[in-house]
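Visitor: Residues annotated as L-glutamate binding site in TrEMBL: Ser7, Arg12, Ser175, Asp219. Positions annotated as disulfide bond by TrEMBL: Cys233-Cys287. As annotated by TrEMBL, region 'Disordered' applies to 356-388. The annotation site 'Crucial to convey clamshell closure to channel opening' is assigned in TrEMBL to Leu151. The site 'Interaction with the cone snail toxin Con-ikot-ikot' annotation in TrEMBL covers Lys181. Positions annotated as transmembrane segment by TrEMBL: 49-68, 88-106, 118-143, 302-329.
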Amino acid sequence: MAVTSFSINSARSQVVDFSSPFFSTSLGIMVRARDTASPIGAFMWPLHWSMWLGVFAALHLTALFLTLYEWRSPYGLTPRGRNRGTVFSYSSALNLCYAILFGRTVSSKTPKCPTGRLLMNLWAIFCLLVLSSYTANLAAVMVGDKTFEELSGIHDPKLHHPSQGFRFGTVWESSAEAYIKKSFPEMHAHMRRHSAPTTPHGVAMLTSDPPKLNAFIMDKSLLDYEVSIDADCKLLTVGKPFAIEGYGIGLPQNSPLTSNLSEFISRYKSSGFIDVLHDKWYKMVPCGKRVFAVTETLQMGIYHFSGLFVLLCLGLGSALLSLLGEHVFYRLALPRIRRGNRLQYWLHTSQRIHRALNSEPPDGPERRGPEEQQQDMPVTPEGTGEWTRVRRAVVKQRRVRFLLEPALAAAGKDAEGAGPAEGPVWLCSDGWPPAALPTGAPRPGELKELEEHIAGARKRLRQALLRREKLLTQLRGGARDRPLRLLQAYAEAPGTAP
């Protein structure tokens with residue numbers, strides 16, 4: 001009597017008798033999984049590339065609708081809403097959406113209208129769910145990628161037309177070899193030199209370093225058992241099973257025990273005893289010894305996050321390109337837009353661009369010699385502090401105007417209504433033409449004449465500034481009443497010394 005994994009086939013049935021089959025099985029293919037280092041973009045694996053694109057597309061779309069709702073609402077953070085000093089532009093919406101997505105705490109403008117706040121909270125819920133799913137999958141994905149030979153079955157082209165270095169085999173003189181020899185002679189000729197004497201020996205050839213086999217073909221029941229007891233979890237069966245067969249008990253021909261054994265096997269199968277035995281040996285926890293090494297495997301090193309460091313370096317490079325773009329926009333595009341008198345209103349897009357287009361450009365200090373700087377010094381120090389306060393008050397009001405019409409058009413009307421400037425144009429700091437500069441000793445009374453001339457120039461300057469402020473007040477509806485009152489008080493004050 002032979003009780004083992006004895007497959008019933010026609011060749012064996014000619015020399016021995018078999019009982020009724022007590023277990024049905026088939027042939028299968030076993031391969032070895034290889035642990036590979038995580039690539040540079042492993043941190044993006046928890047989400048599919050379509051999900052990454054969808055998240056960032058949803059971010060920019062949400063920012064766009066936040067801006068539209070805020071500018072269409074009567075209570076929005078816009079000049080039309082409550083005449084606020086700041087506005088909620090598309091740049092502000094992008095900054096807010098990115099801050100919510102990445103959980104960074106930065107100073108950002110928030111929408112004021114109820115619709116915008118509702119949309120902002122919905123975006124926060126969306127980001128919470130996405131980040132929770134990403135965090136849950138990150139550790140499992142970055143443990144390490146396992147690669148293996150993907151074989152669809154016995155008809156896979158890798159087996160029928162093996163490449164250089166691809167080795168597979170089975171057990172000598174086994175039912176698996178007999179089936180392949182009969183059905184696929186060319187495949188059998190290639191795998192004959194790579195076969196093993198026993199199943200454990202073939203598994204050892206598959207798990208050795210370096211592996212001597214890339215695939216091992218044998219009874220699937222035996223392969224499943226080897227996979228379940230593998231301590232390193234490196235073995236797995238792939239492909240569809242083929243060549244269905246059964247295990248039977250071998251007996252000599254015409255043995256009287258054949259019918260009795262077949263009767264007992266039928267009784268055990270009907271009572272479920274065979275299934276109990278199967279569950280005892282096959283339903284064990286796979287890779288049970290692997291649990292002790294889980295803590296070591298989950299420790300992620302710097303190579304797991306190497307893609308993040310590369311992303312940070314790319315961000316630094318893109319920041320330099322952005323800085324270059326800012327300079328190009330400031331030097332080339334901004335003056336051209338100013339000259340064209342078009343596209344002056346940018347509050348809905350960027351408050352910074354609107355301020356740059358609708359405010360006076362800063363003029364750099366003129367380079368002059370020390371002698372000219374000394375000649376520009378005032379002779380009498382009276383009234384210097386008061387005049388400085390007046391100028392600061394005027395300059396303070398030259399900020400960007402959050403009006404619906406461009407400030408450049410108002411400035412053009414101001415220039416047309418003001419007319420030509422009164423008074424002569426002095427080419428030199430002391431008030432004399434270059435050809436008439438005195439070179440000798442000072443004349444008697446020359447200092448007094450210069451003081452009177454400076455006083456007259458300052459008076460004309462104050463009158464011009466006062467006229468300018470009156471025109472701006474008429475154009476802008478009293479937006480600059482405070483510096484106007486200050487200039488009037490200063491001009492009408494009795495006995496104001498220059």
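The backbone N, Cα and C atoms fix where each Cβ goes, and this holds for glycine too.
For each feature listed, report its degree of burial, its nearest neighbours and the pertinent distances within the displayed model.
Guide: Cβ contacts within 10 Å of Asp219 (L-glutamate binding site), excluding its own Cβ and spanning all protein chains shown: 25.
Cβ contacts within 10 Å of Cys233 (disulfide bond), excluding its own Cβ and spanning all protein chains shown: 16.
Long-range Cβ proximity for Leu151 (site 'Crucial to convey clamshell closure to channel opening'), meaning a same-chain Cβ under 8 A and a gap of 6 or more residues, is found for Ile29, Val31, Lys158, Leu159, Ala215, Val238, Gly239.
Mapped onto three states, the DSSP output places Lys181 (site 'Interaction with the cone snail toxin Con-ikot-ikot') in helix. For Lys181 (site 'Interaction with the cone snail toxin Con-ikot-ikot'), the count of additional Cβ atoms within 10 Å of its Cβ stands at 15 [all protein chains shown].
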Visitor: Does DSSP give Ser7 (L-glutamate binding site) helix, strand or coil?
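Guide: Reduced to three states, the DSSP call for Ser7 (L-glutamate binding site) is strand.
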Visitor: Starting from the Cβ centroid of Ser7, Arg12, Ser175, Asp219, the recorded L-glutamate site, name every other residue in that chain with its Cβ within 8 Å, sequence order please.
Guide: Ser5, Phe6, Ile8, Asn9, Ser174, Ala176, Ala178, Glu245, Tyr247
Visitor: Rounded to a whole number, what is the top Cα to Cα distance in Å among the residues the record ties to L-glutamate, namely Ser7, Arg12, Ser175, Asp219?
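Guide: It comes out at 16 Å between the most distant Cα atoms.
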Visitor: Round to a whole number and give the Cα-to-Cα distance in Å for the pair Arg12 (L-glutamate binding site) and Lys181 (site 'Interaction with the cone snail toxin Con-ikot-ikot').
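Guide: Taking the Cα atoms only, Arg12 (L-glutamate binding site) lies 16 Å from Lys181 (site 'Interaction with the cone snail toxin Con-ikot-ikot').
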Visitor: Please work out the number of neighbouring Cβ atoms within 10 Å of the Cβ of Arg12 (L-glutamate binding site), leaving out its own Cβ.
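Guide: For Arg12 (L-glutamate binding site), the count of other Cβ atoms within 10 Å is 16.
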Visitor: Taking only same-chain residues 6+ apart in sequence, whose CB is under 8 Å from that of Ser175 (L-glutamate binding site), what do you get?
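Guide: Once residues fewer than 6 apart are set aside, Ser175 (L-glutamate binding site) is near Ser7, Asn9, Arg12, Asp219, Glu245.
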Visitor: Can you count the other CB atoms that lie within 10 A of the CB of Ser7 (L-glutamate binding site)?
Guide: 21
